[in-house]
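*Asks:* Dropping a structure here in structure tokens format, bear with me for questions.
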Amino acid sequence: MPTTPATATHSSSNGTAEAIMLELVDENGTTIGTAEKLAAHQAPGQLHRAFSVFLFDEQGRLLLQRRALGKYHSPGVWSNTCCGHPYPGEAPFAAAARRTHEELGLSPSLLAEAGTVRYNHPDPASGLVEQEFNHLFVGLAQTAPKPDPEEVGETAFVTAAELAERHAKAPFSAWFMTVLDAARPAIRELTGPSAGW
């Protein structure tokens, strides 16, 4: 398996390597422990905290990202603006803002909570499982993305109609439609009825 930001270890303040840890949660989203990131995604999967971000431009178009080919999980597929996992004890909102900046080089000019959704999506291609309690966020992107190529292969702003066309032709992450559908009420509130979300 290639070393990517997701599978790499990080140096702690004393110089030793630390594995990336995730918060394990119960069905209500209450923290019950921690697990190493890759282990939490191996079948059958462990329910853990995650976040998904949906950013829109002033025309109501959604910013999509195609995940970098070097990602250990779902490489090369299209997905929402940003998704990831808070570190243990990190607020999902803070993690969402942090990772959006790390992956896309932009800070949302507005970021609002849009609810939560729980799902279990096996990925047949990798054998990994997304078993997540996902915190949803919607917001505005008023600057052009500057993606980190280790994380993001490409970006695109799309209307609802363009998304439907792209989704019919190109591969998307297993979780994409689940998180999009769960976030739609907040997306409609943000973008207005004319955007068609």
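Just so you know, glycine gets a Cβ as well, placed from its N, Cα and C.
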*Asks:* Out of His41, His101, which one does Swiss-Prot list together with His48, His85, Glu130, Glu132 for Mn(2+)?
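*Replies:* Looking at His41, His101, the one Swiss-Prot places in the Mn(2+) site next to His48, His85, Glu130, Glu132 is His41.
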*Asks:* Which chain neighbours of the Mn(2+) site, leaving out His41, His48, His85, Glu130, Glu132, have a Cβ atom within 8 Å of the mean position of the site's Cβ atoms?
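*Replies:* These residues sit around the Mn(2+) site: Leu22, Ala40, Gly45, Gln46, Arg49, Ala50, Gln131.
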*Asks:* Looking at the recorded positions His48, Cys83, Glu130, Glu132, whose Cα is closest in space to that of Glu103 (Mg(2+) binding site)?
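*Replies:* Smallest Cα separation from Glu103 (Mg(2+) binding site) among His48, Cys83, Glu130, Glu132: Cys83.
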*Asks:* Which whole-number value in Å describes the distance between the Cα atoms of Cys83 (active site) and His48 (Mn(2+) binding site)?
*Replies:* 13
*Asks:* For Glu132 (active site) and His48 (Mn(2+) binding site), determine the Cα separation and express it in whole Å.
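*Replies:* For Glu132 (active site) versus His48 (Mn(2+) binding site), the Cα atoms are 5 Å apart.
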*Asks:* Return one of helix, strand or coil for Cys83 (active site), based on DSSP.
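*Replies:* DSSP assigns Cys83 (active site) to strand.
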